[in-house]
C-alpha cells in the first residue's frame, strides 16, 4: 500500500498516535509513555491545551481565556497538576456576592441567592431537590439505562423546568442555571442529559458553588500550564500544526495522514477531540453507523469569555467579592467571578456571555461589547468606576474551528438513549477520549483527565500491559483539596412543593367543610 510505504520510508512508526493535544490527549500520552509505549501526539493548532488556553502579555501577566476552574472531588486534575508542579489558589468570595434582577442589586452569601417570598422559596427548594433526586436514578456510566431514560430523553430541559416550577421567579433562575452550566438553552438540551450532567458533577450545589464546588480554585500561572508541561515532558513526541485528515485501519497497522500530507504508522489510535470534530477526519473502513450518527448530533455550547481589568478592585469598597448573578435579558453577561491574581495584583472581573447571547453579541464589534459590559457592571455594582477599565480580553470559542464552541458538547432530546451508548465504544483499534466521554465531571478539566487516562489504559490492555479490571481506576481524594460533604436541612428535604402545598390546603379545606356539614346536620356528636 502506498501510504504504508511512505510511513515506513519516513520511519514514522509508533505504538500509539493520539489525535488532539488538549488535556485529555496529553494525559493519555503521558500515561502511555510511563509504561514504555511509543506515542505521538498530533495537534491541529499551533499550541497545546485544546479548550484550555492561557494568554500571556504585559497587560494581564497571564489569563485563562478557556477552561480554568477546579475544585473538591476533581481529584485527577488535582493529582496531575500537583505532579506537574502547578499550584492552585482559591477564587475570592470573601465578600458578598450579588444577584441582579429586575434592575435591582441584592447582596448575598452562599451558593444560591436567598428567596424571601415563601411561595417562591418552596418552588426553588423543590426545583433543586427534584433535579438532584431525579439524578439519583441515573447511572453516571450509563445514563441511557436509567429507569425513566426514554421519557426524560424525549423532554427538553425547558419542558421539565416548566413542569416543575410554578413561579416565574424559579423558572427564570432555572433557565439561567442551564445557560451557566452548559452554555446552551433549556429548549436545546435533553432533560436526561442535563440531569446526568449535574449528577456526575456532584449535584446542583456542587456544580454551582465556588466554595466547596466546581469553581473553588484556579491554577497559579494558568491552566494552560497543564498541557504545556506535559508537552515539555514528551518533547518531540508532540507535533503542532498537524490536523489529522485520514485514519486508515484496513491493514495490519493503522496509517494516519495529516493535512500537510505527512504519514504515520501505529498499532492504536486515541481520538481525543470533541465528538463533532471527528467528522473532519476520513476513516477507512468507514465509521460504524451509530458512531457516524452520534458525531453529527452533538453540537457544542456557545460562550464568549470576557475579562475586564481595572486599576483597583473597586467592588470591594462595597463589600462585594466580584461574583454577580445577572438575570436580565438585555444584559450581555450572565455570571461573573473575581479574576484578580492571587497576590491581589491586576484586579479583574471575568464574565461569561452565554448561549443565545453569545450568538447575538458576537455580531457586534469588540469595543461595543466591552462598552456594554462596563455599563452593566456599573449598574449592578453601583459604581461609575466600572466604566473605566485599563484593559479588556475576550475569547469567542465559537470561532475556533478546532473546538467548535465551549464548554462542552451537549445532547439534544432523543440522542442519548438512541446513540449515547457508543460514546466510549472503540472502533476497531481506535479508542475515544475527550471530556465528553468522562463519567465524572464531564465538561471540565477533571473529565478530560479521566477520559484520557481511561483510553490509555484501554490501549495498555490491548498491548497486554494492564488487565481489563485495571482500565477503570478509582482516584483517591486529594489531600490538598478535600471535599466537604454537601448536606441538606430537615426543611429542605421535607418542605412541600407549591403543588404539594395546594393539595394540603385543599385537603384541609375539604376536611373543614365536611366537618361543618356533619356538625350542622347533627351527624357529629356535640360535647
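Every residue, even glycine, has its Cβ placed from backbone N, Cα and C.
Annotated features in Swiss-Prot:
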MOD_RES   1  N-acetylmethionine
MOD_RES   383  phosphoserine
MOD_RES   406  S-8alpha-FAD cysteine
SITE      335  site 'Important for substrate specificity'
SITE      374  site 'Important for catalytic activity'
TOPO_DOM  1-497  topological domain 'Cytoplasmic'
TOPO_DOM  519-527  topological domain 'Mitochondrial intermembrane'
TRANSMEM  498-518  transmembrane segment
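What Swiss-Prot annotates, mapped onto the structure for a quick look.
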| residue | record | DSSP (3 states) |
| --- | --- | --- |
| 335 | site 'Important for substrate specificity' | strand |
| 374 | site 'Important for catalytic activity' | helix |
| 383 | phosphoserine | coil |
| 406 | S-8alpha-FAD cysteine | coil |
Nearest of the recorded positions (335, 383, 406) to residue 374 (site 'Important for catalytic activity') - Cα to Cα: 383
Recorded positions compared (335, 374, 406) - highest count of Cβ atoms within 10 Å: 406
Residue pair residue 335 (site 'Important for substrate specificity'), residue 383 (phosphoserine) - Cα distance, angstrom, rounded: 18
Integer mean pLDDT for the topological domain 'Cytoplasmic' (1-497): 95
CB contacts for residue 383 (phosphoserine) [other CB atoms within 10 A, all chains]: 15
Nearest-integer angstrom distance between the alpha carbons (Cα) of residue 406 (S-8alpha-FAD cysteine) and residue 383 (phosphoserine): 31
